[in-house]
Amino acid sequence: MAAEASGEQDPSTPACGESPGMKDNTLHTGSATQMSEMDKPLISRRLVDSDGSLAEAPSEAPKVGVLGSGDFARSLVTRLLGSGFSVVVGSRNPKRTAGLFPSAAQVTFQAEAVDSPDVIFVAMFREHYSSLCGLSDQLAGKILVDVSNPTEQEHLRRRESNAEYLASLFPTCTVVKAFNVISAWTLQSGPRDGNRQVPICSDHPEAKRAVSEMVQAMGFMPMDMGSLVSAREVEAMPLRLLPGWKVPALLALGLFIFFYVYNFVRDVLQPYVRDGKSKFYKLPVSVVNTTLPCVAYVLLSLVYLPGVLAAALQLHRGTKYRRFPDWLDHWLQHRKQIGLLSFFCAALHALYSFCLPLGRVSRYEVVNLAIKQVLANKSHLWIEEEVWRMEIYLSLGVLALGTLSLLAVTSLPSIANSLNWREFSFVQSTLGFVALVLSTLHTLTYGWTRAFEDSHYKFYLPPTFTLTLLVPCVVILAKGLFLLPCFRHRLSKIRRGWEKDGAIKFTLPMDHALAQKTSHV
């Protein structure tokens, strides 16, 4: 979530007027609560008349300046104070904005706020940078930390980043780009509830080092992005909407459209064309519920297919030191997103299945079946094979969904970070393959003998479940093939550094358990 800055203009300037603080949608702080917690605002007595006693921050604490009074500036001040810094806030109207900040912060005019601190956070909009030009002599030699973000339109329109523009206005200062990817909410609640990484870039290594130490003191993790030229790339980070999800989402959408149309032709269009029966009522629920498990099943198989292809490529090349093709490399990097989308579709399928008996269609079908049974003078309707099939089908589906849920939970960073590599690999690789096998058995039990019955080939199209079995069966067969000793031993040697025609030649240890600890693709 993008961090937002706030800027304000001098009330005496009629051309610009007062500029409101930048709003953060994720931060909601009641003014009444703020006033009750900060009933003793720190305003310099030299600047504002006050009869109350004003407590000063400890003089030995490192002093930091903040220019701005918006949501992000207030959250930044709160975080700095909690990390042991002494903070002085510069405002053009300190008496009005003092109540917005914690009482431990000193709120004063901008000219006084920039005097003593060596590091000053500029939490203002880009268009208000020029209002600081009058302080250029006082800011000389200081480190200015730019935390602002442009809008998407501004980023596309301008070639120069906000940080580079700030550096051009103050050539005697050292400008560092940082904290723009951290939200006001993350600053207040702590790095546990948000991204810990803080990209930092500057042309001065000493300034980067100083800001990096502050980032670590605040509980975040600095990430060096190089010189200030990289500021444009850093400012683009908060503007990206789920960049790693674009391809997996399009893949899932494409699969959904394909299977939905396929099921529509078989279950709705074919009865209407052939028998004149209108079954368009199936479109909202029944066809969707038939489509979702197909998408989930194929997506799950696509999570493990690139690993099979990578292993086959390594066996063919006889080395692990050659890069995979770009398409395979990107596919491997998107496995997590594809797996989570598979779980999402499977969970929706479970919910839709629970809702099916609640619809009018199911009630009418039960009544019609009962009437047919009475008319046929059948007092007992029981098909042993169908009963067993459905019981096994439902049980396998629940087991598959439970295993998928475990995979989805361990994909969360907070859970994944608590697991060592062997535990994570076991869950994602071994249990993931178990989930694929359970899903395959679930699908086969659903299909049963339908693939061999002519009545289920509508418009000469095979049942939908037969199409979904193609990729998963290939993955399962390939995985089983790689378990054969001739392939398993060779693949283990390659992943431990052996090369077919290279200088590195060795034999695997005799201990089979040690050989199994080799990392897998």
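Every residue, even glycine, has its Cβ placed from backbone N, Cα and C.
Heads up, TrEMBL stuff is auto-annotated, nobody curated it.
Here's what TrEMBL has on this protein:
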REGION    1-40  region 'Disordered'
COMPBIAS  27-36  compositional bias 'Polar residues'
DOMAIN    63-150  domain 'Pyrroline-5-carboxylate reductase catalytic N-terminal'
TRANSMEM  247-265  transmembrane segment
TRANSMEM  285-313  transmembrane segment
DOMAIN    294-438  domain 'Ferric oxidoreductase'
TRANSMEM  338-359  transmembrane segment
TRANSMEM  392-412  transmembrane segment
TRANSMEM  465-487  transmembrane segment
Summary of DSSP states over the domain 'Pyrroline-5-carboxylate reductase catalytic N-terminal' (63-150), given as helix, strand and coil counts | 37 helix, 23 strand, 28 coil
Over the span of the domain 'Ferric oxidoreductase' (294-438), count residues by DSSP class, listing helix, strand and coil in order.
-> 121 helix, 0 strand, 24 coil
Summarise the model confidence on the domain 'Pyrroline-5-carboxylate reductase catalytic N-terminal' (63-150) as a single mean pLDDT, whole number.
-> 95
